[in-house]
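These features come from Swiss-Prot:
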type	residues	note
BINDING	D19, H20, G21, K22, S23, T24, N136, K137, I138, D139	GTP binding site
DOMAIN	7-189	domain 'tr-type G'
Amino acid sequence: MHTERQKHIRNFSIVAHIDHGKSTLADRLIEKTGTLTEREMNSQVLDNMELEKERGITIKSQAIRLIYKRKDGGEYVLNLIDTPGHVDFNYEVSRSLAACEGAILVVDATQGIQAQTLANCYLAMEHDLEILPVINKIDLPSARAEEVKEEIEDIIGIEASEAPLVSAKTGLNIEQVLEAIVDKIPSPQGDENAPLKALIFDSNYDSYKGVVCHIRVKEGNIKPGDEIKLMATGKIYEVTETGIFVPNFMPRAELRAGDVGYFTASIKNVRDARVGDTVTGAKNQAKEPLKGYRPVISMVYSGIYPVDGAKYGELKEALEKLQVNDAALNFEPETSVALGFGFRCGFLGLLHMDVIQERVEREFNLDIITTAPSVIYKIGKTDGTVVELTNPTNMPPVSEIKYMEEPIVKASIITPSEYVGAVMELAQNRRGVFRDMQYIETTRVSLNYDIPLNEIIYNFFDVLKSRTRGYASLDYELKGYKSAKLVRLDVLLNGDMVDALSMIVPEERAYDRGRGIAEKLKGIIPRQLFEIPIQAAVGGKVIARETVKAMRKDVLAKCYGGDISRKRKLLEKQKEGKKRMRQVGTVEIPQEAFMAILKTEE
């Protein structure tokens, strides 16, 4: 079923490695089609969160409708669905791609193919999308367009001889990209009279309308007043508004098969409108949902505590507000002896965690302390039950543990060939299991490893970058669980265990890690008037110790000359005081201490 209207629609997204110029290319397409006036154009239109602009990354998917008039007078609707490029947001990317028929693959002419270029490209291929390579940054003197074309053909195996050579920065050859979109990307198919079937590829919360669902209609149509059903949750709502993105919401009478747009239906929470869910009619239902939906799984957990305990309520509100727009964030209250009341939060990955923490501080003006991130371990107990452990302090006693499993990821690292040795050494140090390696071209290699997620969280990326002078790129996905010998490493300050500093480490590494942490903390914890022992312990046995020396307060300053016994009396008194102080004194732990645990040197 292919109507005349559908022949003039193209739905596509742009995929690329970080910094290859995806958002800039989107800006040029928007500008070229005259979608926004010059006054409304600001750079990176689709990255509208302050943080996105600052870090130069795309966090949320966005969509925009472009109208392109060809020279022969034909008018086409191009729906551009922008995707996040970072590996944490992999699932969001896959849902955005499922809403399209084609993808533009942007490759930097100076850098060639990188790990996420490949990862995103394979994702697009899994969705049977028509892939359109575009080579960007050809205005740079170091551009090597022809070699990059060969690379694309050899590695990805798609025809690249006619790939447009563009410069998104200067706007060179952007017209060619628009022509290629119309010529190469297939138009949507789908029966407008069939029962409604639409894919939610994103949702966001609007304080007036409730949840706004961004959808691609696959079959049927949707208009205000319709009763719809969300298939994953089974809930039924009445549609209050439908419309399109220009990039702001613009109401329309209806959306039909092939369209990309949004609808609102007084949905209260983003969790009810899950990304990847299928929307269908409440009465005239589709037989089965669109495939590929899965609930979002948190990979990394971290504790977030207010610096001022009285702000607990405000922190809760802040997290609730962020959660309304971010279904991947989950949190539950937890208490720590050291930090008081706070929340254990689950995130998609390290970048997601960073972004949320920064947004809490920025948008809600809260000072927070965050504990070192941890992954989910599975523990089989002797009584036959299996528990999931997200917080190291909740680890059951050793006598109750039968086995422990940790998450393993499939990591692919692309690096210049002269650094292969350094990268392999790093992966082996991190308990990586070598799978295979392929040469991409004579100078670049792709290495595949299975590595515990625990090791990746632990500054893997930073070390990888420094060992390869910033040239290597990394992509990973969860593979499954594998049993391992793990122990809990506790940190004691002044004889008291600080629960927020506990971490789970492989048994054979406990000693090194313990020593590293003790040394690191020694440099961070401020000196007090009494000395503070820092101890690392496993199962009650101390394995490393450092001491923060006491500051000396000169109690003899007011004695000029005079009798030695007078001085001795003052010194004895000071000694007594220090002893008492050590018993009741508490040690202030600065925020850096929690993060420093992650950064102990290799």
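A Cβ is built for glycine as well, from the same backbone N, Cα and C atoms used for every other residue.
Looking at S23, N136, the binding-site residues in this record, the fewest other C-beta atoms within 10 angstroms of the C-beta turn up around S23.
In this structure, the binding-site residues D19, G21, I138 were compared by how many other Cβ atoms lie within 10 Å of their Cβ, and the smallest count belongs to D19. Averaged across the domain 'tr-type G' (7-189), pLDDT for the predicted model comes to 77. A helical conformation is recorded for S23 (GTP binding site) in the three-state DSSP classification.
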